[in-house]
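Working notes, structure below.
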Amino acid sequence: MIDIKILRENPEIMKENIILRNLDPQKYDVDYIIELDAKRRSLQKELDNLRAQRNKISQEIGKHQGEEREKLIKEAKILKEKIEELAKEYDNVEKELFSRLWQLPNFLSPKAPRGKDEKDNVEIKKWGEIKTFNFTPKDHLDLALLNDLVDFERGSKVTGSNFYYLKNEAVLLEFALFRLVIDTLLPEGFKLFITPDLARMEIIDGIGFQPRGPEAQIYRVEDTDLGLIATAEITLGGYHKDEILDELDLPLKYLGFSHCFRTEAGAYGRYNRGLYRVHQFSKAEIFIICRPEDSEEMHEYILGLEEKIFQKLEIPYRVLDICSGDLGAPAARKFDIEAWMPGRGEFGEVTSCSNCTDYQARRLNIRFRRVTGEVEYVHMLNGTAIAISRALIAIFENYQQEDGSILIPKALQPYIGISEIRPKK
């Protein structure tokens, strides 16, 4: 949640922030929020005065008898009714104020490139050589079916469209990828978690999981306040809710494994087929909690770890600095890694990492105490160590052979014990 003091002192900063994010200024009416805040403070002052009067009268009642006492009792009763009425108005104003503050996006980093949408994202780096095939490369779904690695047909029969079974060597690849991530990040001091796949809606809302458009929303559990998590960022982010951490313990570096569930409503088309957009997948998530002055460095650090993993897999990729108009609400700045996917003939997103500064920490009330005694909000960052479904696409398509077989990346062979997947059909 945004600090109301900043809005009071300079509301134009948020107005500009909303425009730069390509959001509707009318939906995020900053002037109205300022009015609500002023009204709340005015009501609070009035309530304080009335309560002071009532307390004074209550003290006087015991000092008087007869008519004077009855008169004071009546005055106290009238004040009580006024206070109750005013308190209700105050509660309504405060509720609307916090609701509107809750919807405001985070302040952009000055370093985030300005732009309207994904077309304005800035490529800042490329790594690896794109392989030239002497045959027409297949896409991952054709390869997966040829090698009996997925079953969408039975997944649809059992659960619904865009659900699937991973099979045979694809299962080994999932666990191998997780082991590669663990062996890469454990020496860096990360603590390992397997998180719940469900979270309370207050935690999901606190993280600010508000994807742009209808294509990635939360599954709700009927008759509960629970939702299936779309990322372990949600459960790792909520881990320290309402806590005050010690400065000397920061940064906290967490690696969380979970299933991820997304409704992906409206996500159709050639490039969304197969494993690219599915309702359920497994993911390892990097999550760091740090001091405000360290978050930019930690952001680059997470990106470096993500790059290290894909370099070990020897998959060509590029890094994008996401523009202001393509950022989600919590992120002040975000980097995406897009791997080369020969089957579609273009790069496709495989990881992202976001610096959410104090946005999530304010919403979840996570603070730290400096050695000097001051208490401040922490900064929180997240990144994809590996998203299995996207990683499998990149592996299948980059390591395919003319006969449809798939080579196993050298970095994964020790975990699997084989060097090649052969067609079974």
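Sequential numbering from 1, following the chain as shown.
Each residue, glycine too, has its Cβ placed from N, Cα and C.
The L-serine binding site annotation in Swiss-Prot covers T231, A232, E233, E285, T384. The Cβ of T384 (L-serine binding site) lies under 8 Å from the Cβ of K283, A284, E285, I286, E306, V350, T351, S352, C353, each of which sits 6+ residues away along the same chain.
Taken from Swiss-Prot, the feature ATP binding site applies to R262, T263, E264, V278, E349, V350, T351, S352.
Taking the centre of the Cβ atoms of T231, A232, E233, E285, T384 as the L-serine site, the nearby residues of that chain (Cβ within 8 Å, site residues left out) are I234, L236, G256, S258, C260, K283, A284, I286, F287, N382, G383. The most densely surrounded of the binding-site residues T351, S352 is T351 (count of other Cβ atoms within 10 A of its Cβ). With respect to Cβ neighbours within 10 Å, the binding-site residues A232, V278, V350 differ, and V278 shows the lowest count. With every protein chain in view, the residue among the binding-site residues E233, E264, E285, E349 whose Cβ has the most Cβ partners within 10 Å turns out to be E233.
The closest partner of E264 (ATP binding site) among the binding-site residues, by CA position, is T231; the full candidate set was T231, A232, E233.
If you check the binding-site residues T231, A232, E233 against R262 (ATP binding site), the ones with a Cα inside 10 Å of its Cα are T231.
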